[in-house]
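Undergrad: Please see the structure below; I have some questions.
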Amino acid sequence: MVELSKKVTGKLDKTTPGIQIWRIENMEMVPVPTKSYGNFYEGDCYVLLSTRKTGSGFSYNIHYWLGKNSSQDEQGAAAIYTTQMDEYLGSVAVQHREVQGHESETFRAYFKQGLIYKQGGVASGMKHVETNTYNVQRLLHVKGKKNVVAAEVEMSWKSFNLGDVFLLDLGQLIIQWNGPESNRAERLRAMTLAKDIRDRERAGRAKVGVVEGENEAASPELMQALTHVLGEKKNIKAATPDEQVHQALNSALKLYHVSDASGNLVIQEVAIRPLTQDMLQHEDCYILDQAGLKIFVWKGKNANKEEKQQAMSRALGFIKAKNYLASTSVETENDGSESAVFRQLFQKWTVPNQTSGLGKTHTVGKVAKVEQVKFDATTMHVKPEVAAQQKMVDDGSGEAEVWRVENQELVPVEKRWLGHFYGGDCYLVLYTYYVGPKVNRIIYIWQGRHASTDELAASAYQAVFLDQKYNNEPVQVRVTMGKEPAHLMAIFKGKMVVYENGSSRAGGTEPASSTRLFHVHGTNEYNTKAFEVPVRAASLNSNDVFVLKTPSSCYLWYGKGCSGDEREMGKMVADIISKTEKPVVAEGQEPPEFWVALGGKTSYANSKRLQEENPSVPPRLFECSNKTGRFLATEIVDFTQDDLDENDVYLLDTWDQIFFWIGKGANESEKEAAAETAQEYLRSHPGSRDLDTPIIVVKQGFEPPTFTGWFMAWDPLCWSDRKSYDELKAELGDNASIGQLVSGLTSKNEVFTATTTLVPTKLETFPLDVLVNTAAEDLPRGVDPSRKENHLSDEDFKAVFGMTRSAFANLPLWKQQNLKKEKGLF
């Protein structure tokens, strides 16, 4: 029997928020390199551990993923390892069985850029590699609107259909072909995946080109490459509809008591919807069947060990006995550590330290200490780099160097500005830490929401340059404003401040007399930051701490629902924002000048639910649709404001009220049916909801604070600043450089490699003085005015630019153009 080895438990990190992934290789668990996260071989099985910080402790989700071509032995090993890992963690984890192509939304949400299925597996010698691999030739079929899944398919036009998006990956060139019937959201998600492959696997050096299926004639070079690789285009198949599940099926619930008396599986129905928590006896194990769409296994804390260990295998036996699909999702719950998804299936559910219903047990006069999670070097030196999305490799006490991008170059940030990040800037943070004698580095590329396109491009280029300086060894982490990972916050020890606009460069900061409001979020020095929000009362939230800086004072405002930990961190970060004395203002006891500074007192997010530190039913966001004539709701896990697409409608369920958010581009029938759709949601909810629950219809741009309060750092200008699909497509680069790559491809019979020439043929050379500062009309016949540099001899080229042609070709386009202008060859 397989057992969780000390090699695995020794490296397993129980206190770092993020994910860790292992592949089953020869029946052993082998860590997957961080840069390969999101890539899964169809012939293999994987185990994924997700760790989250919850209050004073941690919650865990363990998923075992089964590739469609994996062996029964590997599948069994993955299941056993999952059970053993749960026991190692104290039997508090939620276990999930994931089957390729049928993964849960929770699993897919770990990979925001997309999930890629790769052909082969460990048995055929397939390895998870790091970056800079150009010897690639594959066709990816991309599906999904929110959480994208891409599968490797046969390199043929037969694989295409009119309704989906496909990526032809040729190493240095990635071609995105958009089916004529695919929508903008699908095209945008596929483009994000293509960019992620370019940046994560090719260090930003590959080119991405897009072909619109309804207008292929507009991209002749890319179509030339497609036909060169795939052959002459054949008739494309019709669109295949995405699998959709009727909400009514989700609401069909049956609870079973399962035992294997006399060696036979005995299934006894206990109850149907509505279900209540007291139906679950602590001495037993149960199966909750959600109409065959998903199976939940609940293990009572006092059930015998054998029953607990057999829970997953019993669920699989139940699926077989019911003739359900083998791909049916299975989730295993431990008594007292149930997932929110499981709890919301019951009409009534209470957790320890909470009163029944929506009330909250509050402790008066108790001040919580700032919790310190131990990531000291003594503990960490025996652990390799933790496979976690948030890169929490240590306690942040290593050496950090910070630069700001200025005029496309790096300028060191003064010590007094460390931890201050301005929305008009881009920054590079080089973090150095040691594991024993070995030096390790992480490069964080922080990109402000209002930084220029040139600065965004320069930050990526400078990161590659810095990476090369250290032999391509550092881990690169791109951080968009508002999505700062825990380790980046830990580097600044809870003193990270993010400003909406402005710059820390000379003359770029706003006057010290300006009034600013900061939303402080975090409970310890590893997860705290202050985020600037609009200076108005509506920005406040009863659940958090805020810092209001005025020309004459600086207020520290404590909402009624904030914890002692949050108050302590609020004090710490406030000292960074202002050196003046900070009067503490408790919610409800604000002096008149406080409201004057905010432009007057108005309503803000202050509902009783917001004051609960640990609500038993967390808010849930669903993307809604009635396009098929029936109500469909797709849950968005770990939602943020960025998940709200202005062309769609969404339902935010906070249990005691339902919000229906309507984007400006939503269709008329969805707008008209808003209240009715929300009522249908309540009627079909498996938890037998109160049909009198208030339903609030919210229009984009007119959101009340009771809605925005459920989103971290709500930005009213979010959609006006958001780039369109066409704008993002235009940023991919010019067609000339792609044309050169296509010429290089079609003139050869081989796949692109890192050494593929970017110039298709040898052009006629001319003396330097004939080309420099010469107008197009005065150039000799045969000279391409846009490519003067390619008419230089190799010696002249190196003398002028101080580098070889290949080094020049690896520079970003803006850098190439600047050099050409400087040398008179533009």
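Each residue, glycine too, has its Cβ placed from N, Cα and C.
Residues or ranges marked as domain 'HP' in Swiss-Prot: 760-826. Per Swiss-Prot, region 'Core' is recorded for 1-734. Per Swiss-Prot, the feature region 'Crucial for binding an actin filament' maps to 129-137. The region 'Headpiece' feature in Swiss-Prot is assigned to 735-826. Annotation source Swiss-Prot lists region 'Absolutely required for activity' at 820-823. If you look up Swiss-Prot, you'll see 27-76 marked as repeat 'Gelsolin-like 1'. The feature repeat 'Gelsolin-like 2' is assigned by Swiss-Prot to 148-188. If you look up Swiss-Prot, you'll see 265-309 marked as repeat 'Gelsolin-like 3'. Taken from Swiss-Prot, the feature repeat 'Gelsolin-like 4' covers 408-457. Positions annotated as repeat 'Gelsolin-like 5' by Swiss-Prot: 528-568. Positions annotated as repeat 'Gelsolin-like 6' by Swiss-Prot: 631-672.
In terms of burial and nearby residues, how do these features look in this structure?
TA: Along the region 'Crucial for binding an actin filament' (129-137), the predicted structure has mean pLDDT 62.
Residues 772, 788-789, 800-801 of the same chain, all 6+ positions outside the region 'Absolutely required for activity' (820-823), place their C-beta atoms under 8 angstroms from a C-beta of that stretch.
Using DSSP to sort the residues of the repeat 'Gelsolin-like 1' (27-76) gives these counts of helix, strand and coil: 8 helix, 27 strand, 15 coil.
Assigned with DSSP, the residues of the repeat 'Gelsolin-like 5' (528-568) fall into helix, strand and coil as follows: 8 helix, 16 strand, 17 coil.
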Undergrad: On the DSSP side of things, how many residues of the region 'Absolutely required for activity' (820-823) fall into helix, strand and coil, could you say?
TA: 3 helix, 0 strand, 1 coil
Undergrad: I'd like the per-state residue tally for the repeat 'Gelsolin-like 6' (631-672) from DSSP, helix first, then strand, then coil.
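TA: For the repeat 'Gelsolin-like 6' (631-672), the helix, strand and coil counts are 8 helix, 15 strand, 19 coil.
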Undergrad: Is it possible to list how many residues within the repeat 'Gelsolin-like 3' (265-309) are helical, extended or coil according to DSSP?
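TA: Per DSSP, the residues of the repeat 'Gelsolin-like 3' (265-309) fall into 8 helix, 20 strand, 17 coil.
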